[in-house]
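Here the structure comes first, spelled out in structure tokens, and everything after it is commentary.
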């Protein structure tokens, strides 16, 4: 598929605890994106500090790392045409109060500190985040039989 890209999506501890893993995966699959990697894990503080390094000078940084380390997360890599941009639209705004109904955050979240999901904000960020969370051999390349029904 031409112009295919990959994005990093992580279901945060609140999304895991609330039993939303299946619903989130379902939405990405139903859209037509292809899951190429997934881990259910408790992220180390070092991994989280590196992941959120751009926010290290913000007053909420320590609390964010502590919260993300408080329970398991589901780290995923999704692939498809415009998956970074479309994935961000599917997630909704960072602040759930600004998210439209029909988005993941608009349907399932109330407060910004418990917004259940992370998604890469650019192709460059996605590449960096995927390399941080996954080894190359953990990314599975395959052709989905549905691909011909999703793309021209």
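For all residues, glycine too, the Cβ spot is worked out from N, Cα and C.
Note that this is a predicted model, so its numbers are computed, not measured.
Copied from Swiss-Prot, the annotated features are:
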type	residues	note
BINDING	12, 60, 88, 94, 105, 115	ATP binding site
ACT_SITE	118	active site, pros-phosphohistidine intermediate
DSSP three-state assignment (helix, strand or coil) for residue 105 (ATP binding site): helix
Residue with minimal Cβ packing [other Cβ atoms within 10 Å] among the binding-site residues 12, 88, 105: 88
94, 115 as binding-site residues, winner by CB count within 10 A: 115
Max CA-CA distance, Å, over listed ATP-binding residues 12, 60, 88, 94, 105, 115: 22
Under 8 Å by Cβ from residue 60 (ATP binding site), counting only residues of that chain that are 6 or more apart: none
Cβ packing number for residue 118 (active site, pros-phosphohistidine intermediate), 10 Å threshold: 20
